[in-house]
Amino acid sequence: MIRSHEHLARKLGIPFRDPGLLRNALTHRSAEGVNNERLEFLGDSVLGFVVTEYLYQRFPSADEGVLSRLRATLVNETSLARIARELELGEYLILGSGELKSGGYRRDSILSDALEAILGAVLRDQGIDACRALILTLFERPLSALSLDDWKKDPKTRLQELMQGRGLPLPVYTLIDQSGLPHDQHFRVRCEVPLAVEPCVGEGSSRKKAEQQAAENMLSRLSDQSRFRV
């Protein structure tokens, strides 16, 4: 059963004047009625603008190339899907029967598109200031952890170097699930390292993306352990 969209609005802290905009943002193209593609287009643009503005102000000495790479570490399908999962966005999506049966509510591409569509809906309903505030809230953790070195190394490389620097075995990645149609696959990968008691799981539209997300999730977990600096 789809959870109440009013509940999601409260979770976001957005009092929508037009609740229909939020419903549209959560409606996948596989469902009947107005879908979220136009709002996604708008949300993608405002997200890029707000993150670019933030980076420009925070790193005044960084050149255009560095700023672009930093933005790419923040604005991508994997990071957006991770935030969408933190919001449990899949439980609010309106999907067609085929997408519902195939687990579309778990798919990175659908989750990230829906999150961008929500940002577009907030922009339309509340204006740029409210939309900017929401983006900075949703991205607060990755933004606060950002450094000028982030664009140089991907999560798998950083995790591998962390293990090597401590003389520990390298991370182990295991494919635990693969589903979806041939043109729209969904992968789940488990990452295990000696520093963590429990493994971390990553998801993505390819095994490579799932491994990168699993590594990033593991780095986030280790960064919460005060004796490790990731």
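For all residues, glycine too, the Cβ spot is worked out from N, Cα and C.
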Same-site residue for Mg(2+) (record: Swiss-Prot; known: Asp113, Glu116; options: Glu37, Glu40, Glu192): Glu40
Largest tally of Cβ atoms lying within 10 Å of a Cβ, found at which of the recorded positions Glu40, Asp44, Glu116: Glu116
For the domain 'RNase III' (5-127), mean pLDDT (0 to 100): 90
Length of the line joining the Cα atoms of Asp113 (Mg(2+) binding site) and Asp44 (active site), in Å: 8
Shell list (Mg(2+); ref centroid = CB of Glu40, Asp113, Glu116; cutoff 8 A): Asn36, Glu37, Leu39, Phe41, Gly43, Asp44, Ser112, Ala114, Leu115, Ala117, Gly120
